[in-house]
Amino acid sequence: MNDTVKKPTGGRGDDPLPAGAALSAVAPHEPVSVVLAGGGTAGHVEPAMAVADALKALDPNVRITSLGTARGLETRLVPERGYDLELITPVPLPRKPTGDLARLPSRVWRAVRETRAVLHAVDADVVIGFGGYVALPAYLAARGVSPRKPRVPVVIHEANASAGLANRVGARTAQRVLSAVADCGLPGAEVVGVPVREAITSLDRAAVRAEARRHFGFADDARVLLVFGGSQGAASLNRAVSGAAAQLAAAGVSVLHAHGPKNTLDLREPQPGDPPYVAVPYLDRMDLAYAAADLVICRSGAMTVAEVSAVGLPAIYVPLPIGNGEQRLNALPVVNAGGGMVVADADLTPELVAREVAGLVGDPPRLAAMTTAAARVGHPDAARRVAQAALDIGRTARRARGATGGRP
């Protein structure tokens, strides 16, 4: 593995081939080459990195390349995890299909050419796509446009309860379509859950709780509320929870609040004897944050719901009030199972926070039941299942290419 970040090549990779050139004969026993297409937000990058780790666990010799753009979180997250990153041109995507693909912006086709060069350069056997503006060029490049140009098999993973444009396009020709939940809008999708990194899926909250609470400065017997709104925080969560600080303190609730690097909290001066209200811009150790908490207030992006349910943490989900309502849909399986509740963003007030949090943390049997229900909804083996599907397809593709002396 290496941590190289490579800039867009404009259609010619580090080992460029002329457009449509055939590859030389392929050795079928060489390591499988996997290209991960998931960039932009943490919701696309983190599942891709979880699958990358699972690929390495299943086959230490596998070759992994991530696709991304210079504007996405992948420029930091992928090298930090030790994987190679190839950058392509960022392209805007409409939220819904708008007609023939030929009418997509010219930048899409530039990104397709760049992606095709990457597939040639790394001798790709399979592409795993996670949706978003990095995945669409990968799906189109993997198809090829003539018998002389490469066709690379594709595995798609859809994390949201309602599939986006890129995955709807890619699913038409993908070899396998995997999803977080049933009825995501992709025909034939197999439910595997959302890939989550092993540090989270293997977390034993009870075993680590004392260490985690010491890490954040809480008493061993504290009742702890965790609050976070994604990598950039959430203003409405910040206002509602910080506004309830006095009532939470009176109820004996300690708070661990990640407010976002660009935000601040308007907190009152603590009174003598108040439980701690720990406010931080960002949480680098989410595993310890989950272990320290009894309850969480958070958004309901697919990755957030997957992690929170994987560790069995009761939650008050506050869906982001934009898009097609997919965040609310993401939360419904765990909520319907009894592992959490949904509060509309417009209804989230300091009074509601104080009332609901005090009621939940003051009712240990209810919290225990919610913990069990949340954990039952989680899919701790999702990353392994996605990785295994890709390896099976990639190995088959490599054997076929070895038998025919190149691309089929």
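If you go along the chain as it appears here, the first residue is 1 and each next one adds 1.
Using the three backbone atoms N, Cα and C, a Cβ is placed for every residue, glycine included.
Record features (Swiss-Prot):
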type	residues	note
REGION	1-20	region 'Disordered'
BINDING	THR41, ALA42, GLY43, ASN160, ARG197, SER231, GLN327	UDP-N-acetyl-alpha-D-glucosamine binding site
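Taking the features listed in Swiss-Prot, we show where each one sits on the structure.
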| residue | record | Cβ neighbours (10 Å) |
| --- | --- | --- |
| THR41 | UDP-N-acetyl-alpha-D-glucosamine binding site | 17 |
| ALA42 | UDP-N-acetyl-alpha-D-glucosamine binding site | 18 |
| GLY43 | UDP-N-acetyl-alpha-D-glucosamine binding site | 23 |
| ASN160 | UDP-N-acetyl-alpha-D-glucosamine binding site | 25 |
| ARG197 | UDP-N-acetyl-alpha-D-glucosamine binding site | 21 |
| GLN327 | UDP-N-acetyl-alpha-D-glucosamine binding site | 25 |
DSSP-derived structure type at ALA42 (UDP-N-acetyl-alpha-D-glucosamine binding site), helix or strand or else coil: helix
GLN327 (UDP-N-acetyl-alpha-D-glucosamine binding site) - helix vs strand vs coil (DSSP): helix
